[in-house]
């Protein structure tokens, strides 16, 4: 699984090597916006400002971790299926390698999209479901006979 838009519960220190991640139980993006990613908190190790991991519309993901674009691209190149959940896919259209666009259409991974709105990849999708991700995943897991573990903060 690749979180290519970032994670609203993770902030990172980019001054530390490797980047030091802080997983929070609260939304770290309260003070962040397009091209303004500092969260207002500081790294406990070096004191540098922490930043969110979110990729906003019009931005390119620049963090190696936790976004891990290279691993996502490698996984996509080996995949026979790509499942996109809850994304407009507007940011990701700038990353043609994720969609294996260098391959002929018959050799690309089958794309399945679950989203409430239109996406630029709808016409490429083997199946597009206009629905809520939680509802669709609950039905899918039930169909597969897999239990969804209870969520606990």
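Each Cβ is built from the backbone N, Cα and C atoms, and glycine gets one as well.
Residues or ranges marked as domain 'Deacetylase sirtuin-type' in TrEMBL: 1-147. For the domain 'Deacetylase sirtuin-type' (1-147), the DSSP counts in helix, strand and coil order read 35 helix, 32 strand, 80 coil.
Under the heading active site, proton acceptor, TrEMBL lists 5.
According to TrEMBL, the Zn(2+) binding site annotation covers 13, 16, 43, 46.
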For the binding-site residues listed here, 13, 16, 43, 46, which shows the highest count of neighbouring CB atoms within 10 A?
13
Determine, for the Zn(2+) site, the additional residues of the same chain whose CB lies within 8 Å of the mean position of the CB atoms of 13, 16, 43, 46; present them in sequence order.
14, 15, 20, 44, 45, 47, 48, 50
Could you state the CA-to-CA distance between residue 43 (Zn(2+) binding site) and residue 5 (active site, proton acceptor) to the nearest Å?
22
